[in-house]
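Enquirer: Encoded as structure tokens, here's the structure I'll be asking about.
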Amino acid sequence: MTTLAPDDAKSTSKPAPRRREIPQNRSGSALKQSENRAAYLFLTPWLLGIVGITGLPMLASLYLSFTDYRVTAAPNWVGLENYATLFGGDRRFISSIWVTLKYVGWSVPLVLIFSLAIAVALNRGLKGLAIYRSLFYVPSLIGASVGIGLLWKEVFGARGVVNEILGWFGMAGRGWVNSPTFALPTIVALNVWTFGASMVIFLAALRQIPESYYEAASIDGANAWQRFRRITLPLITPVIFFNTVLLLINSFQSFTQAFVVSGGSGGPVDSTLLYSLYLYQKAFQQLQMGYASAMAWVLLLAIGIGTAFVFWTSKYWVFYGDR
Amino acid sequence: MATAKTYDPEALASQRRQRRNARLLRHLGLHALLIALLGIMLYPVIWMIFSALRPEQEIFGEMGFIPTNWTLENFTSGWQLYGDLTFTTFYVNSFIICALAILGNLIACSMAAYAFARLNFRLKWLLFAAMLTTIMLPIHVQLIPQYIFFLNIGWVNTILPLVVPKFLATDAFFIFLMVQFMRSLPSELEQAAVVDGASYWQRYWRIILPLTMPALATTAVFTFINTYNDFFSQLIYLTDTDAMTVPVALRLFLDPSGGQSSFGGLFAMVLVSIGPVLGFFIASQRLLTKGIATQGFK
């Protein structure tokens, strides 16, 4: 689609030798050159951005990660010291890794299960599909905002709605967000609450599956579970894969809700100290920018390895129709 | 499913009726389940709405779910929580940043997308791959040097660090979205313009851009929502009270010495703060769900 007329002609009708005889070469290359120039003009803002806003800062950050930079004085080269401290002596860092892994490990599967289940339920020819879809999507729109974080804090607070509802059933509530055991699940719940975005993607994929597959299976006597297990699930594995990668990348970087629910501290007892939050504290509260840069690169590697791992496993469970 | 062996029309009709009834029943059950789930999910939000509309002292009391004494006092008190500084300032700041971010993304991303989607140039696939890679990069690996740089040129506590990058197409996801869209436009459209002697700029501006409207609209809406909700970078760059945006200002409710005493004001302001996002969503709803569905937007 991207190729223009000359290339199209090349690839389709005319036989190769004849094309070479036509003395089109010079004007063709002139055209190519002007196209080349035009393309780079169109790309100028983006090129400036990818070099100046993304590339150079990345390199600078890599450099800073080997220094003791603290804003007040020029950076001193310290070699691998920051990395050694991170993995050797920084207990909050190690704990923030566990907190983040727990957070990602719970929320990604839960979001996938919820979004797929609701999408399958909605895809059965229900009336009012558009309304349901919008309403389930609403939390995804607002879930990342500070406002909803504040609301969550009160809803799961000692006097919040959750305890009120538990009270109806005669169960004792607690201050969920103040408990080292339950504060993180509270934030996981907030992430799961925003499953609507994944659901919308699943729903679009489900609607692509031809109705005739299900009809054929029904005639062969397949029940609802078998139809889901043998038709739906294999056909949407590419979308499950896509959603998984998206959710992984996003939840590894979660910041706002842990910040708001814990008041910026990552507490109680560091139980909500997500990786991003700890990085923020190091960089912008304690101004240990060199150290925080090392953390950023560890995060980049972690996300890279995590994503690569999911890509690697995909050949065992993702089914592409054309293979 | 039992197939009718006899062709008795009576039996067939009754069978069809039965099947339809069973389906109806299943659907009713499903509706009940979905509505119950929605009820649970949206209950906190509805509780907040009612809390914002009742007097402060009744919020955590045993006063029933629906307020008996309706009031708007929480909105006025919440709005003016910080002395002279009102939420008017914060909303103005937020909206200025959002408007410029939208403008920047629309211009810069669509230009890059035009080159990637419709022109041939050297190193095209390398650059395209680089662009896709940046979508997945966590901002943390650029953030600190960016911050130091913007600090040194005196841009901290201005909107520039939040807006200028958008004019350099740093939100690569939107480039990708527009590339996908522009690729699907037939090449004959431009060929006609080439015959008429149109320049590349004219082909981009007059032919491709107008046809890319759905992708541009999706970009605008999502840029608004992302920028308006963005907390991390606004928290870092905007620390002066009169430079603050809505999310950064809302955070002050966390400060125990600040507004925590007023839950009514907090809920009222949270409610107002999610208003613009919901408004944008409702206004552009059909477009959005289509955009997410085809492009997989989070």
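We number each residue from 1, going along the chain as drawn.
Cβ coordinates are placed from backbone N, Cα and C, and glycine is handled just like the others.
According to TrEMBL, the region 'Disordered' annotation covers A:1-30. Among the features that TrEMBL reports, transmembrane segment is placed at A:39-66, A:103-122, A:134-152, A:182-206, A:231-252, A:258-280, A:292-312. The domain 'ABC transmembrane type-1' feature in TrEMBL is assigned to A:97-310.
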Enquirer: Does the transmembrane segment (A:292-312) come near the transmembrane segment (A:103-122), with 3+ Cβ pairs under 8 Å (pairs 6 or more apart)?
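Expert: When sequence-distant Cβ pairs are counted, the transmembrane segment (A:103-122) does not touch the transmembrane segment (A:292-312), since fewer than 3 lie under 8 Å.
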Enquirer: Can you tell me which of A:103-122, A:134-152, A:182-206, A:231-252 gets the most C-beta pairs within less than 8 Å of the transmembrane segment (A:258-280)?
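Expert: Out of the listed stretches, A:182-206 contacts the transmembrane segment (A:258-280) most.
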Enquirer: The transmembrane segment (A:231-252): which same-chain residues, six or more beyond its ends, come within Cβ distance under 8 Å?
Expert: 100, 103-104, 107-108, 111-112, 115-116, 120, 191, 198, 201-202, 205-206, 209, 213-214, 217, 275, 299, 302-303, 306-307, 310-311, 314, 317-321
